[in-house]
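According to Swiss-Prot, the feature GTP binding site maps to 29, 30, 31, 32, 33, 34, 35, 36. Taken from Swiss-Prot, the feature compositional bias 'Basic and acidic residues' covers 147-178, 207-227. Per Swiss-Prot, compositional bias 'Basic residues' is recorded for 179-188. Marked as compositional bias 'Acidic residues' by Swiss-Prot: 228-237. Residues or ranges marked as compositional bias 'Low complexity' in Swiss-Prot: 280-291. Under the heading domain 'W2', Swiss-Prot lists 284-443, citing sequence analysis as support. Here Swiss-Prot flags 147-244, 271-293 as region 'Disordered'.
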């Protein structure tokens, strides 16, 4: 089977990896019943990742003739006698309009139909979303016969949702277990204090016999055995108190002393830290040259971007700066959108790798949303009008998750900045997100 490059502009590239079979046609019938059969239409359509009915219908629309594709037999017929070269030329136009990305030219696109019945091509190679000219005749046929939706993305998000629920249940179970252990430790520490107090009293009295020393601990053992009958699951406290040797009692005294001294050290060190924080706040966060103000951080991020830093390299450099996490994220957003006056959605798509690296840690999605809010709410910022598009782009790129977006939106409506226009501009995307969530739950 002879192969050719997909797209007329790539016909001379010997190393082009996107290929399709050369078209083979056959004239059938006579007189008024003459038809042109595109023999290998199914193979061509598979390489283009488009239904064969689309290409067949396109031939009919452009030639002004009836066309039919039989799904059962896989045959493609166009009424009339047509040369192979003519049909191949029409196929190239179809590829340019409905297959190739308008941005990078690669044929790795997927047809999307929006709620407004508009057709878009989403490129898997560069992420660019191309708007198809809806004046073409074939667009009506595509809207009425949409391609089969891949359930991969929905299944992926459903799996993520299930995984989050599982993690939440696990965290709740861990919290309950920690509470139980704390209660056991409190009981153990109180009984241990009683035991150590009695042992010190016995030492002062000079009772040197081992039996006198061990007599109070026997009573503790009996109390612990009764507690064990009530709760068989908590074994740690019982084992800790059953050891009544001299070394064990000394170890318990050391642990109690170390805990008390640790509290004393923490109390003494807290005050200087508070003073340092207060002084740094008064000086604008630039005390002794160990921390930097916000403007300096933004300038450094911009300089690193100009140097060609990658996402991981830039984020590792940013993480080392002695500034709060929210300021780092705000500086990153401001630097990435520098010089952008329009097309914030496209710019977000281009810089998605940086945003994805920035939200790698838990809780960082909320920081990114606050940074976007801060950037959009600046005076004379055109990004405020496109905030919904920015959120949609980050959501489609799996940078932001629906839970974080909805949580940020709901808190914003009740916060100090509730009168900002950002919430009104973001509302269409939030409504779409919640409707899509309810539809997926119903399915």
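The count begins at 1 with the first shown residue.
Cβ coordinates come from backbone N, Cα and C, glycine included.
Summary: among the binding-site residues (29, 31), the fewest other C-beta atoms within 10 A of the C-beta are counted at 31. Per DSSP, the compositional bias 'Basic residues' (179-188) is made up of 10 helix, 0 strand, 0 coil. Counting other CB atoms no more than 10 Å from each candidate's CB, the binding-site residues 30, 32, 35, 36 peak at 36. A Cβ within 8 Å of the Cβ centre of 29, 30, 31, 32, 33, 34, 35, 36, the residues given for GTP, is found for these other residues of the same chain: 28, 79, 80, 81. When other Cβ atoms within 10 Å of the Cβ of residue 33 (GTP binding site) are tallied across all protein chains shown, the result is 8. Secondary structure from DSSP puts residue 29 (GTP binding site) in coil. Within 10 Å of the C-beta of residue 34 (GTP binding site) there are 13 other C-beta atoms, taking all protein chains into account.
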